[in-house]
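Working notes for the structure below.
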Amino acid sequence: MTKTIVVKIGTSSLTQAETGQLALSTIATLAETLCHLRSQGHRVILVSSGAVGVGCARLGLTERPRAIALKQAVAAVGQGRLIRIYDDLFTTLQQAIAQVLLTRSDLVQRSRYLNAYNTFQELLGLGVIPIVNENDTVAIDELKFGDNDTLSALVASLIEADWLFLLTDVDRLYSADPRSVPDARPIALVSSIKELAELQIGSQGSQWGTGGMVTKISAARIAIAAGVRTVITQGRFPQNIEKIIQGELIGTHFEPQPEPTSARKRWIAYGLLPAGKLYLDEGAIAAISLAGKSLLAAGIKLVEGEFDTQDAVQLCDSNGNEIARGLVNYNSNDLQKIRGCHSREISTILGYAGAETVIHRDNLVLI
């Protein structure tokens, strides 16, 4: 049966830790593995980091740049070299590829989000392997994915993939960082994202990359909400991807939600960037999380941030824990005036007849 497979490989797997030079044998094995998956009829997308790391090596830089302008310039140098290497390898294997560079704004605007979906579908229909990266050269800090783990999960969600593989520099998820805690417990299967709540996760990435295990768990949360089975496994052995698809329990598997969130609600939850926060009382939290109700003004205790009507906001409990996201029917100024008030009082307070709900349940998604 044809599957749609997204594979993300990080900088730490693509490069040699000591020198920052490309690990060509790993890249070649990855290319062969992806081509073999294609020959079996599967649809494949590769999300590849490495532009900045490769750019550093090409320019003789010994440390990853911190200044934004320099980092973007280095990414421009590295991306060209990286895609040329991929093209040479895949051409030898007679496999067409495409370069797809995305920014967060491509997924924030609904029309561009849908256009990205259509483009991926056309490429996959043509038998092409899209190679995706963040467009670091033009991305601004406020509209960055932050890491390619998040990008790969959003792509997997966008195209409703069957599998997401996060290839990293450890063989699986552990209860603590195995590089510093020798007795860290390996985790083979996560049947619910809630199981991770009390785990101590190493959040420091390698020198050449930006993503630690925390970002991979966040990515898994996005993917499993879309019904995508997610696996964290070692990047040095790309051939394990086929073994995993065939049923071997290698790495850490995150089971997908049995009832995936709708595409539109996934866009609200993960495609949009929240512009503010609403802190709710216990009654409102119970109403939206347990009863599937809309959010009313009466349940809002505090409004944080400046936002307009139909912006995305985070819904939080009194401790600041996020429980949901949604699109608001009022701007922040009006919400400051009506928070804690009954819906029938809104027209008197604001001087116009607004919506009965602050966030309608159709525009609200639990996190």
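First residue shown is number 1, and so on along the chain.
Cβ from N, Cα, C; glycine included.
Summarising the annotation, Swiss-Prot assigns ATP binding site to Lys8, Thr168, Asp169, Thr210, Gly211, Gly212, Met213, Val214, Thr215, Lys216. For Lys8 (ATP binding site), other Cβ atoms within 10 Å of its Cβ number 29.
The Cβ neighbour count for Ser49 (substrate binding site), using a 10 Å radius over every protein chain in view, is 29. Residues or ranges marked as substrate binding site in Swiss-Prot: Ser49, Asp136, Asn148.
Look at Swiss-Prot and you will find 275-353 tagged as domain 'PUA'.
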DSSP three-state assignment (helix, strand or coil) for Lys8 (ATP binding site): strand
Pairwise Cα distance maximum in Å, substrate-binding residues per record: Ser49, Asp136, Asn148: 11
Candidate with the highest Cβ count within 10 Å, taken from the binding-site residues Asn148, Thr215: Asn148
Between Thr215 (ATP binding site) and Ser49 (substrate binding site), the C-alpha gap once rounded to whole angstrom: 14
Between Ser49 (substrate binding site) and Lys8 (ATP binding site), the C-alpha gap once rounded to whole angstrom: 8
Candidate with the highest Cβ count within 10 Å, taken from the binding-site residues Asp136, Asp169: Asp136
